[in-house]
Amino acid sequence: MNWTSLVYLWFIFKSIFADLTSHQLKSKVVFLDTTISDEVARSYLGSEDGNVTHGNYEILSIANGANDGNITSYLCQLPRTKKMAPTKPKPTMSVHELKSRAIDLISESFVEGTSCVFSFNLHANYWTIGYCHGINVIQFHENLDDFISGIHKPHSPNHVYTLGNFSKQTSPLEFEFDTKERTISQRLLGEVCDLTGEPRTIDTIYRCDHILEIVELTEIRTCQYELHINVPKLCSLPEFKRTNLEEGVSEILCTRIE
């Protein structure tokens, strides 16, 4: 599927699924590895008087090229907008055991590759945030070229701020597990803030996702921060896996029409 098709797809879904946005739902399009005949697909759209016989369906046509006129059509089932209560997994271990296992998985994630991850232009569209597991969390300003190169050269060496330092010994007692958000967090103390005269604090919040990365840094109060980090290995624990329903994501299932 080329960029022309993707743009075309976006505008079609933006139009036919506009009613979903009013319910503050996010939609994920899933193209099924199955096919359906045109006759059967049309039957799912309802009778000529407009009565829907099999649910809420639309036919989506995607242009495969810019000018070749080749079009692929799909029968797409729109998600129902009624609210459903997400089911929570049954605990597989005690909270203490869960936190211990999560801590190990987080540590393993950084041992396998590098101990540090960086995110450019994250905080106020100015700062680079560096998370070095077991060492510290820092913020500094750098040029885009330095970020891309991986050298991470601060533009002003005297303005590298330590938001938090890790302790030498990590204990599960330092961590909080949020059953609702399915996250685990740890509070770190950093260097003294010149505005408050107190140490900077940062809550590092880890969650299950498919890419190891810094997602967001928020300054809640002066020199008090929240850092959100995605850790794929946490997804191996059911207590950290979030369903589409919990994420506010509904699937639009599309089957190719032959």
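Using the three backbone atoms N, Cα and C, a Cβ is placed for every residue, glycine included.
Keep in mind that what you see is a predicted model, and the values were worked out from it rather than measured.
What Swiss-Prot annotates here:
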| type | residues | note |
| --- | --- | --- |
| BINDING | Trp127, Gln139, Asp194, Arg200, Glu219, Tyr225 | mannooligosaccharide derivative binding site |
| DISULFID | Cys116-Cys132 | disulfide bond |
| DISULFID | Cys193-Cys223 | disulfide bond |
| DISULFID | Cys208-Cys235 | disulfide bond |
| DOMAIN | 114-237 | domain 'MRH' |
| CARBOHYD | Asn2 | N-linked glycosylation site |
| CARBOHYD | Asn51 | N-linked glycosylation site |
| CARBOHYD | Asn70 | N-linked glycosylation site |
| CARBOHYD | Asn165 | N-linked glycosylation site |
| SIGNAL | 1-18 | signal peptide |
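Positions of the features from Swiss-Prot, shown on the structure.
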residue: Asn70; record: N-linked glycosylation site; DSSP (3 states): coil
residue: Cys116; record: disulfide bond; DSSP (3 states): strand
residue: Trp127; record: mannooligosaccharide derivative binding site; DSSP (3 states): strand
residue: Cys132; record: disulfide bond; DSSP (3 states): strand
residue: Gln139; record: mannooligosaccharide derivative binding site; DSSP (3 states): strand
residue: Asn165; record: N-linked glycosylation site; DSSP (3 states): strand
residue: Cys193; record: disulfide bond; DSSP (3 states): coil
residue: Glu219; record: mannooligosaccharide derivative binding site; DSSP (3 states): strand
residue: Tyr225; record: mannooligosaccharide derivative binding site; DSSP (3 states): strand
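Using a 10 Å Cβ-Cβ cutoff, Asn70 (N-linked glycosylation site) registers 9 neighbours.
On the backbone, the CA of Cys193 (disulfide bond) and the CA of Trp127 (mannooligosaccharide derivative binding site) stand 17 Å apart.
When the CA atoms are compared, the recorded positions lying within 10 A of Asp194 (mannooligosaccharide derivative binding site) are Cys223, out of the candidates Cys132, Asn165, Cys223, Cys235. For the disulfide-bonded residues Cys116, Cys223, Cys235, the largest tally of other C-beta atoms within 10 A is found at Cys223. In three-state terms derived from DSSP, Cys208 (disulfide bond) belongs to neither a helical nor a strand segment and is classed as coil. Confidence annotation: the domain 'MRH' (114-237) carries a mean pLDDT of 90 in the model. Nearest to Asn165 (N-linked glycosylation site) in space, judged by Cα atoms and limited to the binding-site residues Arg200, Glu219, Tyr225, is Arg200. The CA atom of Gln139 (mannooligosaccharide derivative binding site) is located 28 Å away from the CA atom of Cys235 (disulfide bond). In this structure the alpha carbons, written CA, of Cys116 (disulfide bond) and Trp127 (mannooligosaccharide derivative binding site) are 16 Å apart. Secondary structure from DSSP puts Cys235 (disulfide bond) in a helix.
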